[in-house]
Amino acid sequence: MQITLSNNLANDAWGKNAILSFDSNKATIHLKNNEKTDRTLVQQAARKLRGQGIKNVELLGEEWDLEFCWAFYQGFYTAKQDYGIEFPHLDHDLQDELLARIECGDFVRGIINEPAQSLTPVKLAERAAEFILNQADIYNEKSAVSFKIISGEELEQQGYHGIWTVGKGSANLPAMLQLDFNPTQDPNAPVLACLVGKGITFDSGGYSIKPSDGMSTMRTDMGGAALLTGALGFAIARGLNQRVKLYLCCAENLISNNAFKLGDIITYKNGVTAEVLNTDAEGRLVLADGLIEADSQNPDFIIDCATLTGAAKMAVGNDYHSVLSMDDDLVKNLFQSAQEENEPFWRLPFEDFHRSQINSSFADIANIGSVPVGAGASTATAFLSYFIKNYQQNWLHIDCSATYRKSSSDLWAVGATGIGVQTLANLMLSKSLK
């Protein structure tokens, strides 16, 4: 089916203010002459067309610019990927940008949607490294990438006790990806950013077991790792020329005779001890290892991404990623990038007093809040802050509440969204210019 854009109203026969009309084998999307609103209308129209069973389309006309093409693609995408889109001719640079968005967005959405039976912790680490290598190769930067994957008992031997503790209950070994993108080729080059991602490839909740309804989508609990991998790949596509390190903390949280238990105490590399009061608050336990490693690199800034708390989703739904940080300037930079890329982020509170709300009688901190009515997203961030020396500056925590949709909306199909890839790449690039 051919799809065109029009600034004229649809005939009332298609309904008042209809965004779609049809003529033979052609559909017309009716715009409102408002740039942001029109992008949304195009994405909504794409969803409507998919809902009508249309799988193959050709976008026709000079009105199709980069942003309209991208909006249509986002709405037309489904997890089964049983569709085809013929895009109009764009200028070379714009065509490259569109293809890079699709390449990186598809990686993120595809790997999040993938079943846990095929995406083990080690596989996630391998696939992420392979994706970055491929992206670097496309842009003649393959020699800039080096990495290692630490897995199984080697994690415990090297002091990554959080990842090991959470993942040791599964036959699929836990793993940590440590990847260095260094286009300068100078081993002593300063690090612009360290990216730390939660890569829980399946989360049963452990002995604090989830109900079936809550567990059914837990193959997506590696969404933070996927998002940061996609963002780094997209930044490379846009010409990133400074050093960035990626740390993915990968594990399965299952029940077995070897799984961790409530009351266990983890001693981290930096000497902090943490009592496990809920095995379903495992994401922060694995991220701690990554944050310690990231902090030791003395980067200009650190970003961690994780599908960390239900509290963040309760606050903002699936429509925004939640941002928590004490660094107002860095948050401002992030929101500027989000505005430029037309992606939704929302700030949630994180203050010093939250750090006193995760007390333990047996360790330095506990992995859940210790007050009767606590701010779950904020206390989770507070836990993470114990693994960054100067937690008040140059650190962004993103609770990935917009990573995945359990039900479709007028903009998105069921499944992963890819929201955030462009914003985080934009942030890295903008910081690299300062």
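Glycine too: its Cβ is placed from the backbone N, Cα and C atoms.
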Swiss-Prot Mn(2+) 1 site partner of Asp280, Glu282, selected from Asp180, Asp186, Asp203, Asp364: Asp203
According to Swiss-Prot, which candidate in Asp213, Asp221, Asp289, Asp295 joins Lys198, Asp203, Glu282 at the Mn(2+) 2 site: Asp221
Please report how many Å separate the Cα atom of Asp221 (Mn(2+) 2 binding site) from that of Asp280 (Mn(2+) 1 binding site), as a whole number. 11
With the fewest other Cβ atoms within 10 Å, the residue among the binding-site residues Asp203, Asp221, Asp280, Glu282 is Asp280
Looking only at C-alpha atoms, tell me how far Lys198 (Mn(2+) 2 binding site) is from Lys210 (active site), rounded to the nearest Å. 19
Around Arg284 (active site), which residues of its chain at least 6 apart sit with Cβ under 8 Å of its Cβ? Ala306, Leu308, Asn367, Ala380, Phe383, Leu384
Given Asp280 (Mn(2+) 1 binding site) and Asp203 (Mn(2+) 2 binding site), what distance in Å do their CA atoms have, once rounded to a whole number? 8
